[in-house]
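Engineer: Shown below is the structure under consideration.
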Amino acid sequence: MNIAAKPPLTIRLCGPRGFCAGVDRAIQIVVLALKSYGAPVYVRHEIVHNRYVVEGLEAKGAVFVEELDEIPAEHRAQPVVFSAHGVPKSVPEDAASRNLFYLDATCPLVSKVHKQAMRHNRLGRHVVLIGHAGHPEVIGTMGQLPEGSVSLIETIEDADAYVPVDPDNLGYVTQTTLSVDDTAGVITRLHERFPNLTAPAADSICYATTNRQEVVKQAAPGCDLFIIVGAPNSSNSKRLVEVALRAGAKKSILVQRAAELDWDEIGAISTLGLSAGASAPEVIVNEIIEAFRARFDARVELAETVQETENFLVNRELRNIELTAADMAFVNG
């Protein structure tokens, strides 16, 4: 019996992809807290926007809540971790009022945006925050400042319609996970309308967001399909889907697990682009590759722009706890 040959497929695997230093740090904080203090360790909001990661931490003993009042009184001696997206100032204040011990896993680059916004405010500027309404990072940044001292701008249309009280006394910051190109367009329009608009001391969009978008731009032309591994509530992952389409991929989709792949819809392809959002673990990237290898004679080509070496330290309370490869195998493989 003749066995049909698998059709050839080139997979353009983007690098860098997947976890950034801030996500790595946040997950490590929860893992180390569990090793140090024992289960349960409470986490306010998803530590990062990825269900695979959340479920892996739940299996280790983490309990995810949306508000601090969900923590049972009998467990208030256990630590609570704040997510990588950052929280309003009111959250640690609430934790202190409840005598909760908390570990802040806010990404240091998000904390930098908080400081930039507070500096604008301290110098008397009204803060313009470029970001997506309702995103936890935006909620956290707006929550650093008094009510009414921040205006949220999402699009160029918002920038056109914006009417500030004092157009000569504005300073902007941005969410860290936005589209680099879209954000540049909004900033340009704001500068056109408000020439005295003050920029932050450093770019707010994080290195990892920029790097992942740049390599997707380079890899996308000529791809029949581009897959971004990530969750539907992951801002940076959704931006990568958009970047791939704009850069020339015929189709781009967001996938959480290989089981979601619709092979009838994928059809006959010869070139596949593959990357992962900053909160998507490498084990799922490998899972996707193996799913395609089962159906295609797949050859993987690495499309790499830069190598990332950034590393953020965990909280001081956890630095003497050993973190092993086995501790992180659930996400790293």
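The backbone N, Cα and C atoms fix where each Cβ goes, and this holds for glycine too.
Positions annotated as active site, proton donor by Swiss-Prot: Glu137. The feature [4Fe-4S] cluster binding site is assigned by Swiss-Prot to Cys20, Cys107, Cys206, with sequence analysis given as support. Among the features that Swiss-Prot reports, dimethylallyl diphosphate binding site is placed at His49, His85, His135, Ser234, Ser235, Asn236, Ser279, with the record citing sequence analysis. The isopentenyl diphosphate binding site annotation in Swiss-Prot covers His49, His85, His135, Ser234, Ser235, Asn236, Ser279 and is backed by sequence analysis. Taken from Swiss-Prot, the feature (2E)-4-hydroxy-3-methylbut-2-enyl diphosphate binding site applies to His49, His85, His135, Thr176, Ser234, Ser235, Asn236, Ser279.
Walk me through the surroundings of each of these features.
Structural biologist: Summarising the environment of Glu137 (active site, proton donor), the number of other Cβ atoms within 10 Å of its Cβ, over all protein chains shown, is 25.
The Cβ neighbour count for Cys206 ([4Fe-4S] cluster binding site), using a 10 Å radius over every protein chain in view, is 26.
Taking a C-beta cut-off of under 8 angstroms and a sequence separation of 6 or more, Ser235 (dimethylallyl diphosphate binding site) has the following same-chain neighbours: His49, His132, His135, Glu137, Gln175, Thr177, Leu178.
When Cβ atoms from all protein chains are considered, those within 10 Å of His135 (dimethylallyl diphosphate binding site) total 17, not counting its own.
For Asn236 (dimethylallyl diphosphate binding site), applying a Cβ distance below 8 Å and a minimum sequence separation of six or more within one chain yields Thr177, Ala208, Thr209, Arg212, Gly230, Gly277, Ala278, Ser279.
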Engineer: If I take the Cα of Cys107 ([4Fe-4S] cluster binding site) as reference, which of the binding-site residues His85, Thr176, Ser234 has the closest Cα?
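Structural biologist: Of the binding-site residues His85, Thr176, Ser234, His85 has its Cα closest to that of Cys107 ([4Fe-4S] cluster binding site).
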Engineer: Of Thr176, Ser234, Ser279, the binding-site residues given in the record, which has the fewest other CB atoms within 10 A of its CB?
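Structural biologist: Taking Thr176, Ser234, Ser279 as the binding-site residues, the minimal 10 Å Cβ count falls on Ser234.
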Engineer: Far apart in sequence but close in space: which same-chain residues, 6 or more away, have a Cβ under 8 Å from His85 (dimethylallyl diphosphate binding site)?
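Structural biologist: Sequence-distant Cβ neighbours: His45, Thr106, Cys107, Val110, His135, Pro136, Glu137, Gly140.
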Engineer: Relative to the Cβ position of Cys107 ([4Fe-4S] cluster binding site), how many further Cβ atoms are located within 10 Å?
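Structural biologist: Cys107 ([4Fe-4S] cluster binding site): 26 neighbouring Cβ atoms within 10 Å.
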Engineer: Tell me, how many other CB atoms lie within 10 A of the CB of Cys20 ([4Fe-4S] cluster binding site), whichever protein chain they belong to?
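Structural biologist: 29, counting other Cβ atoms within 10 Å of Cys20 ([4Fe-4S] cluster binding site).
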Engineer: At a 10 Å cut-off from the C-beta of His49 (dimethylallyl diphosphate binding site), count the other C-beta atoms across all protein chains.
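Structural biologist: So the Cβ neighbour count for His49 (dimethylallyl diphosphate binding site) comes to 27.
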